[in-house]
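S.K.: Straight from TrEMBL, here's the annotation block:
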type     : residues : note
DOMAIN   : 2-375    : domain 'Amino acid transporter transmembrane'
TRANSMEM : 20-43    : transmembrane segment
TRANSMEM : 76-95    : transmembrane segment
TRANSMEM : 115-132  : transmembrane segment
TRANSMEM : 144-166  : transmembrane segment
TRANSMEM : 178-198  : transmembrane segment
TRANSMEM : 210-232  : transmembrane segment
TRANSMEM : 252-272  : transmembrane segment
TRANSMEM : 293-312  : transmembrane segment
TRANSMEM : 318-339  : transmembrane segment
TRANSMEM : 359-379  : transmembrane segment
Amino acid sequence: LQGIFVLGLPYALLHSGYSGLLLIVLAAALCCYTGKILIACLYEENEDGQLIRVRDTYEDIANACCKKLSPNLGGIVVNVTQVVELIMTCILYLIVSGNLLSHSFPYVPVTEKTWSVIAFVTLLPCVFIRTLKIVSKLSQLCSLVHFVIILVVITYCLTQVHQWSWAKFRLSLEFEDFLVSVGVIIFGYTSQIFLPTLEGNMKNPGEFRSMLNWTHFFACILKTTFALTAFLTWGEKTKEVITDNLPSFLETLVNLCLLTKALLSYPLPFFAATEIVCSCIYKGNHSNYRSPLLALTVRGSFLLLTLLMAMFTPHFALLMGLSGSVTGAAMTFLLPSLFHLKLKWKKLSCVEKGADISVFILGFLCSLAGIVCSIKGLLEVFG
């Protein structure tokens, strides 16, 4: 929930004003709700009225909903969406790495794209990651570095409290910029693809709903505090990656910490994406899946793909907004509400049905508008 993309939230406030604060809170509440209904789809009642876990993954839920059309159609859609979201995340890590290196060493005559290539070289060992144990250790280091970074930025902003002014918030908004901000904020909360596995591995799955409530509550508090303090400090000068606003004596230090975090964060989505693809290949051909050459080919191809995409779309906030509008909205709002309605329709109250339908409509409208505006923004930049 607290990825490196929290750095784009102050920039989102720049384009969304007061409504951006409401969006951060609303997105947390809606994502918490869709997380709960997604997990509810894993369970069915037995003859005694007890809930039994009959499905294990997001893919299983999708297949159960689409089994009348095609036994594997839903799983294919979910897997493709998940892979796209994970690969987009990897691309963003490379873009951020290039940006951070460029601003950390401004006197080195190297372009931002070249810095991304240099960062990419350090990630080549990811091709040889075979288990989640290594990835989990890297993720633990990421968490530690992340909170240090947030603490440093917020502490600096608090030293500038004398120049804060609520007048910096916009009262009138550009509709297109606002919609891009919606995508950025949504992307910061996307975690649904990991929830079925997380719930299945809990010692006490009955505490899942409580855990989800508390994690989203604290995530909302931290995101709101960070975005608000940073925006009040720099106002109209807020940049796409907020660390670019820091004074030089802090910028280099924080950027290097962020670079470390970005590089350590890359293996998790990369590993998850390649595992999904390898699992699909395994279902089709058992012998090929066990081939080390095939696994290396898949990982190598994905690694190269992220670099090429990072080279051609080096715009952090716009790309994050597009990702949030496409895959983020689908996995976080559209599919959970749709699946819940499909599997639990007869047992849902009118209020619950209305809530699911409302979430679906809201997610669809935000996704559609965000896609159009993000693509338009990217085309204008390239033009």
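The backbone N, Cα and C atoms fix where each Cβ goes, and this holds for glycine too.
Automatic, uncurated: that is what TrEMBL annotation is.
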S.K.: Give residue numbers and ranges for long-range contacts of the transmembrane segment (20-43): same chain, 6 or more residues beyond its ends, CB-CB under 8 A.
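M.R.: Contacts of the transmembrane segment (20-43) (Cβ under 8 Å, skipping residues fewer than 6 from its ends): 9, 12-13, 51-56, 58, 60-61, 64, 181-182, 185-186, 188-192, 195-196, 199-200, 208-209, 212-213, 216-217, 219-220, 223-224, 227-228, 332-333, 336-337, 339-340, 343-344, 355-356, 359, 362.
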S.K.: Can you work out which residues elsewhere in the same chain, 6+ from the ends of the transmembrane segment (210-232), have a Cβ less than 8 Å from its Cβ atoms?
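M.R.: Sequence-remote neighbours of the transmembrane segment (210-232) are 1-2, 6, 9-10, 12-14, 20-21, 24-25, 28-29, 31-32, 35-36, 150, 153-154, 157-158, 164-166, 168-169, 188-189, 195, 202, 238, 242, 245.
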S.K.: Report, as numbers and ranges, which residues of the same chain sit near the transmembrane segment (144-166): CB under 8 Å and 6 or more residues beyond its ends.
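M.R.: Distal contacts: 2, 4, 6, 222, 225-226, 229-230, 232-233, 235, 242-243, 246-247, 250, 253-254, 257-258, 260-261, 264.
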S.K.: Within the same chain, where does the transmembrane segment (293-312) have neighbours whose Cβ lies under 8 angstroms from its own Cβ atoms, ignoring anything closer than 6 residues to its ends? I mean 6 or more beyond.
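M.R.: For the transmembrane segment (293-312), the sequence-distant neighbours (Cβ-Cβ under 8 Å, at least 6 residues beyond its ends) are 87, 90-91, 94-95, 98, 113, 116-117, 120, 123-124, 126-130, 270, 273-274, 277-278, 281.
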